[in-house]
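Q: The Ca(2+) 1 binding site annotation in Swiss-Prot covers Asp35, Asn37, Asp39, Lys41, Glu46 and rests on sequence analysis. Per Swiss-Prot, the feature Ca(2+) 2 binding site maps to Asp71, Asp73, Asp75, Tyr77, Glu82. Summarising the annotation, Swiss-Prot assigns Ca(2+) 3 binding site to Asp104, Asp106, Asn108, Thr110, Glu115 and lists sequence analysis as the type of evidence. According to Swiss-Prot, the Ca(2+) 4 binding site annotation covers Asp140, Asn142, Asp144, Glu151, on the basis of sequence analysis. Under the heading domain 'EF-hand 1', Swiss-Prot lists 22-57, citing sequence analysis as support. The domain 'EF-hand 2' annotation in Swiss-Prot covers 58-86. The domain 'EF-hand 3' feature in Swiss-Prot is assigned to 91-126. According to Swiss-Prot, the feature domain 'EF-hand 4' maps to 127-162.
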Amino acid sequence: MDEVPSSDESKSASSGKRVLEQSVHELEEVFKKFDANGDGKISGSELADILRSMGSEVDEAEVKAMMEEADTDGDGYVSLQEFVDLNIKGATVKDLKNAFKVFDRDCNGTISPAELCETLKSVGEPCTIEESKNIIHNVDKNGDGLINVEEFQTMMTSEMTDKSK
């Protein structure tokens with residue numbers, strides 16, 4: 001018999017999206033502070049200035065390494081989307097793993113269409129098995145018809161960062 005998540009677990013799963021949405025909004029505000037000239041992107045010099053103003057002793061090589069990590073499109077600047085992606089992926093891995101456990105009802109390391117549907121229904125989201133299969137199909141990188149923890153993290157972070165575009 002499937003174990004039904006407690007109301008606390010269900011609240012945790014549904015509140016996870018709200019927390020991520022709030023995080024995106026907060027990151028947008030931080031981004032605006034980093035973006036000293038207001039051009040919608042952070043340059044290496046803006047990053048260095050803000051880090052130094054916060055008391056961080058960073059050298060040019062460290063700033064360059066930070067920029068390379070964040071600047072995924074290689075244009076030499078960090079866009080809002082890149083900034084949000086970098087911060088959400090690092091900050092929420094533990095939260096997402098905890099949310100994954102709520103969906104993985106049989107604790108086998110994957111979420112089946114039935115588990116996805118049951119969990120969504122338990123938090124008041126209408127769902128059919130067919131809809132669950134479609135959701136899974138969109139994020140199922142390895143083609144096994146299930147969602148593993150990495151695919152779940154990708155699904156959740158892309159859903160949140162899409163809202164900041």
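Counting starts with 1 at the first residue shown.
Note: Cβ is positioned from N, Cα and C throughout, glycine not excepted.
Because the structure is a prediction, the values reported are computed rather than measured.
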Q: Quick check: in three-state DSSP terms, what is Glu46 (Ca(2+) 1 binding site)?
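A: Assignment for Glu46 (Ca(2+) 1 binding site) reads helix.
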Q: Other than Asp35, Asn37, Asp39, Lys41, Glu46 themselves, what residues in this chain have Cβ atoms within 8 Å of the centroid of the Ca(2+) 1 site's Cβ atoms?
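A: Along the chain, the qualifying residues are Phe34, Ala36, Gly38, Gly40, Ile42, Ser43, Tyr77.
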Q: 10 Å Cβ neighbour count around Glu151 (Ca(2+) 4 binding site)?
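A: So the number of other Cβ atoms within 10 Å of Glu151 (Ca(2+) 4 binding site) is 20.
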Q: How many Å lie between the Cα of Glu115 (Ca(2+) 3 binding site) and the Cα of Asp140 (Ca(2+) 4 binding site)?
A: 15
Q: Neighbours of the Ca(2+) 4 site Asp140, Asn142, Asp144, Glu151: Cβ within 8 Å of the Cβ centroid, same chain, sequence order.
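A: Neighbours found: Ile136, Val139, Lys141, Gly143, Gly145, Leu146, Ile147, Asn148.
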Q: Count, for each of the binding-site residues Asp35, Asp71, Asp140, Asp144, the other C-beta atoms lying within 10 angstroms of its own C-beta, and report the residue with the smallest count.
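A: Least crowded of the binding-site residues Asp35, Asp71, Asp140, Asp144, by Cβ count within 10 Å, is Asp144.
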Q: What Cα-Cα separation, expressed in whole Å, is found between Asp104 (Ca(2+) 3 binding site) and Asp35 (Ca(2+) 1 binding site)?
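A: Each residue's Cα considered, Asp104 (Ca(2+) 3 binding site) and Asp35 (Ca(2+) 1 binding site) end up 40 Å apart.
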Q: Report the same-chain neighbours of Asn142 (Ca(2+) 4 binding site): residues 6+ apart in sequence with Cβ closer than 8 Å to its Cβ, ordered by sequence.
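A: When sequence neighbours closer than 6 are ignored, Asn142 (Ca(2+) 4 binding site) has Asn148, Glu151 within Cβ distance under 8 Å.
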Q: Where does the mean pLDDT land for the domain 'EF-hand 3' (91-126)?
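A: PLDDT averaged over the stretch: 84.
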Q: Give the sequence-ordered list of residues that share a chain with Thr110 (Ca(2+) 3 binding site), lie 6 or more positions from it, and have CB atoms under 8 Å from its CB.
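A: Listed in sequence order: Asp104, Asp144, Leu146, Ile147, Asn148.
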Q: I'd like the number of other C-beta atoms within 10 A of the C-beta of Asp106 (Ca(2+) 3 binding site), please.
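A: Step by step: centre on the Cβ of Asp106 (Ca(2+) 3 binding site), count other Cβ atoms within 10 Å, giving 12.
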Q: May I have the DSSP-based helix, strand and coil counts for the residues of the domain 'EF-hand 2' (58-86)?
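A: Breakdown, helix to coil: 18 helix, 2 strand, 9 coil.
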Q: Fill in the CA-CA distance, Asp106 (Ca(2+) 3 binding site) to Asn37 (Ca(2+) 1 binding site), as an integer in Å.
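A: Here the two Cα atoms lie 51 Å apart.
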Q: With every protein chain in view, how many other Cβ atoms are within 10 Å of the Cβ of Lys41 (Ca(2+) 1 binding site)?
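A: Summing over all protein chains shown, Lys41 (Ca(2+) 1 binding site) has 19 other Cβ atoms within 10 Å.
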